[in-house]
Amino acid sequence: MIAFHMVWSALLASLLLLLLAPSASPVDAFSPPEASLTGGQSLSKRSLFDPSCTGVFDRQLLRRLGRVCDDCFNVFREPNVAMECRSNCYNNPVFRQCMEYLLPAHLHDEYRLAVQMVGK
């Protein structure tokens, strides 16, 4: 029960930080709905990212997915979260749990689609 309250407090604190600094929002939760994750695509410098991501190479998309993992690590401070969240090009249970904890429900489908796009 105490662990739940600690996690809940950490989550609330991170949400408060997001509200205070919307321009630095890692998940762009305050962006308008028409702002899509699937904007322009680049085909250069693929080696900068995980080689297991063999789908569409979109830096902005990969950055947003990676930011979910970074924020999840910052909330829970578990060493394995950062690596497991990115494994299999974000197509794993840890990423899905992080997404559910950190993102508003209306963005879940958009991020699931993004994972499918980069991991094909």
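The backbone N, Cα and C atoms fix where each Cβ goes, glycine too.
The record in Swiss-Prot lists a disulphide bond between Cys98 and one of Cys53, Cys72, namely Cys72. Swiss-Prot lists a disulfide bond between Cys69 and one candidate from Cys85, Cys89; that candidate is Cys85. Less than 8 angstroms from the CB of Cys89 (disulfide bond) sit Asp50, Ser52, Cys53, Thr54, Gly55, Val115, Val118, Gly119, each of them six or more residues away in the same chain.
Following the DSSP three-state reduction, the secondary structure of Cys85 (disulfide bond) is helix. Comparing Cys85 (disulfide bond) with Cys98 (disulfide bond), their Cα atoms are 8 Å apart once rounded. Cys69 (disulfide bond) sits 7 Å from Cys98 (disulfide bond), taking the Cα positions as reference.
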